[in-house]
Amino acid sequence: MTSRHLRRAADEAGRCVPGVPRAALVGRYCAPHDFLSALDRLVDSCPVAPGGAFLRKPSRGHGAVASRDHRVMPPSPGGMWTLSGRGWWRGRALAAWAPGAAHRGLPGPPRPTTRQAAPGSRAPNRLSSSAARQEKIDMSRFPVENIRNFSIIAHVDHGKSTLADRLLELTGTIDKTKNNKQVLDKLQVERERGITVKAQTASLFYNHEGKQYLLNLIDTPGHVDFSYEVSRSLSACQGVLLVVDANEGIQAQTVANFFLAFEAQLSVIPVINKIDLKNADPERVGKQIEKVFDIPSDECIKISAKLGTNVESVLQAVIERIPPPKVHRKNPLRALVFDSTFDQYRGVIANVALFDGVVSKGDKVVSAHTQKTYDVNEVGILNPNEQQTHKLYAGQVGYLIAGMKDVTEAQIGDTLYLHKQPVEPLPGFKSAKPMVFAGMYPVDQSEYNNLKSAVDKLTLNDSSVTVRRDSSLALGAGWRLGFLGLLHMEVFNQRLEQEYNASVILTTPTVPYKAVLSSAKLIKEYREKEITIINPAQFPDKSKVTEYLEPVVLGTIITPDEYTGKIMMLCQARRAVEKDMMFIDQNRVMLKYLFPLNEIVVDFYDSLKSLSSGYASFDYEDAGYQTADLVKMDILLNGNLVEELVTVVHKDKAHSVGKAICERLKDSLPRQLFEIAVQAAVGSKIIARETVKAYRKNVLAKCYGGDITRKMKLLRRQAEGKKKLRKVGNVEVPKDAFIKVLKKQSDK
């Protein structure tokens, strides 16, 4: 081994383990055995390399050593240290510099061919290997009658994602391991919160009675705020699995999701999950399903998704009870875009359901929405990761990449068709109706363009968010965003931070109000008699309108009967009107109330869970508008209006809400040399006030006794100075104070 080889080897080892000088390994005239000894000492003191790699010394004369990521290294009779783990190739290069390395059995230079495991070691056997990825599946071998498209729908935490895991394992789509937990929940926010927020697609191949079936599964969210995801997913399906917890029974979102599927005229297969639980009562739940949904209890499939009990019968029921799609492959292409994501290298990846025709790589397709023509670069299925295919045929669900580089080009609900073969566009989706609005501003205005790009890309993936440009004197340029609920708003904000590293300020959530204008002059100015107000600062004065309207929702509450009294009192305190009450079995009650949306948007769900010890469930649907006695409440600092804190409240609750905001502002504002009056006002009437005390210099410190008139003169002069300073002094609310006030939502 020459000194040049030793120096190169020492340099490479030094890069593997930062902070170790080359001199610690090898000197100018170091012998090979000294170098190996130096490496031994190095690894004993510092065995971990960057990126999770580690150095290993194989035993003399023993078999191959398998690294942590299943790469297998040949034995090393010389006992040479090699780098394994993620930096394994670097270790191979290090060993290869020594003369005669190949003769001593050390690993040679890296080869692109597949490595074979030594006897006794486990070779990797994964479907996602590079060789498997290169093979394109021939989708023509699945005739229409052998295709089933279905979704899994349920209330929150009833086991949808766990059932999806078992179905993926049973069909061999993923390996059966203990680590398969919510495989289709790919977002970080889903992992952290333990809920599904994004519908995910997976294509499964299943043999039944000698026939190969293609099952397209869509796992959907269960929370009411993500019901738009469910309704879009159902458009690509012919049937659903309605999963109900054997312990909890029918919940509010179970009812809502069932009627979504019922309105879409889909086949419904009821599945009673979690029969392995101690308190499970599948017979009781079966009777609930029969009473509420009019589905015979003997059609319910009883399973335990966690243990895999009876899950095979679910797949058989999907094939037997769900009809194949009604499509025509000989007709021109008609593909519905029901979801999409953005990849910075490949552009827009559109999830499509084919209703007619065939699409393949190289075809020219046209968007019915933009009338732009695109070349198809790639088609495939989600298995559950992307897997390329030669073609996609009518009745199948997959993805399509057509070089759309601008996020505005991909509209969910759009129809794609072949160039020069125009077709009638599919109905698409009715646009989501935002229930909550909030202002969003960058913490630093220099980040505005980056945040704009992040919002555009995220709204492509979450089409239920509406975006309008907005600006504020204190917070600068931003947007007024519309969400389906408060959890939707929180998840959107969290995804911005995690996926795009964007820091934002979100203002207090408000609901869209309406005002009926009183004069013909105002109607001409606004160009309509009834205007919608999404920004409280633009709320018109009472003199300009004949009446105000607030949004109302029809809420469904399902609760054990012992909590009924407390929940009724809570609903009455929120100005709700009872519409219906029904016992769905001996112990559970279903209540229907008409709620003002403003009363439930912030903290109603938390209060309901607290009162019912977590057993009650809540769901709501839009019920239009009703007349309300609303007032615009201004927040004043030393008589100056703070536009960002303006809110619209019901007249009866104006005092309590105003007092709460004033108290939060008092705690958040920095003290000045003069007194600051924090006031809440409705029109010209002050309804709440807090005072931020001034810093005060002790002007009497130099007075040792003496006449009281001298002290009074000094105090009077100080008071006059502070009064003058208050007139010229400007109170600016710092951004961190805004964030504190807007983040703290107190109970109304």
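Just so it is clear, glycine is given a Cβ too, placed from its N, Cα and C backbone atoms.
Under the heading GTP binding site, TrEMBL lists 154-161, 219-223, 273-276. As annotated by TrEMBL, domain 'Tr-type G' applies to 145-326. The feature region 'Disordered' is assigned by TrEMBL to 100-133.
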Exercise. Near the Cβ of Ala154 (GTP binding site), how many other Cβ atoms are there if near means within 10 Å?
Worked result: 28
Exercise. Which residue, out of the binding-site residues Lys160, His223, shows the minimum number of other Cβ atoms inside 10 Å of its Cβ in this structure?
Worked result: His223
Exercise. Which number gives the other C-beta atoms within 10 angstroms of the C-beta of Ile275 (GTP binding site), all protein chains shown included?
Worked result: 19
Seminar exercise, completed: Counting across all protein chains, other CB atoms within 10 angstroms of the CB of Thr220 (GTP binding site) number 27
For this session: Please average pLDDT over the domain 'Tr-type G' (145-326) for the predicted structure.
Result: 86
Problem set entry | In the chain carrying Asp157 (GTP binding site), residues 6 or more apart in sequence that have Cβ under 8 angstroms from it | Gly194, Ile195, Gly222, Asp245
